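One structure is given here, and the rest of the page talks about it.
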Amino acid sequence: MKSIFLVFFAVCLVKAEAGKGRKREPNIINPPCRECYVQDSSGNCVYDKWGCGGARKREPNIINPPCRECYVQDSSGNCVYDKWGCGGARKREPNIINPPCRECYVQDSSGNCVYDKWGCGGARKREPNIINPPCRECYVQDSSGNCVYDKWGCGGARK
């Protein structure tokens, strides 16, 4: 009886060890990819089989687009913000936030959002991966890198 118990225990231990997989930390907001996807060097969301269980799981049907909520995949495969899919005309335009930067970012003289290490704990914390764009909700980054208010993405009414 003891030998059967020991064999059973050993088999359970081996299965438990085999079940442990290499877990990667989830993506920070950049890239805006869904779970199990990572952003490649060209900015596209690609399936990461190792981050999703490796050889233990079958690769699921590809989610097209593999972008987070409020993002859609453009023709080149990049995830871009979809202002209509995220509120459209359903919300009133809120008061303008100045500066329109996320927490730990400040607006510099040219209007760009830059990381403020002192406002976020100074030398006690490492500078996080840059959030691209580092703009608050209802703001988008224009071609020059400035955060500008996006009334359509925040529910502005059609005129």
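A Cβ is built for glycine as well, from the same backbone N, Cα and C atoms used for every other residue.
On a predicted model such as this, the values are computed, not experimentally measured, just so you know.
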| query | Quick one: Swiss-Prot says C104 makes a disulfide with which of C101, C113, C120? | reply | C120
| note | Among the candidates C138, C147, the one bonded to C154 through a disulphide according to Swiss-Prot is C138
| field | Candidate nearest C79 (disulfide bond) in space, where candidates are the disulfide-bonded residues C36, C104, C120, C138, C154 and distance is Cα-Cα | value | C36
| request: State which of the following disulfide-bonded residues has the fewest other Cβ atoms within 10 Å around its Cβ: C67, C104, C138. | output: C104
| Among the disulfide-bonded residues C86, C101, C147, whose Cα is within 10 A of the Cα of C120 (disulfide bond)? | none
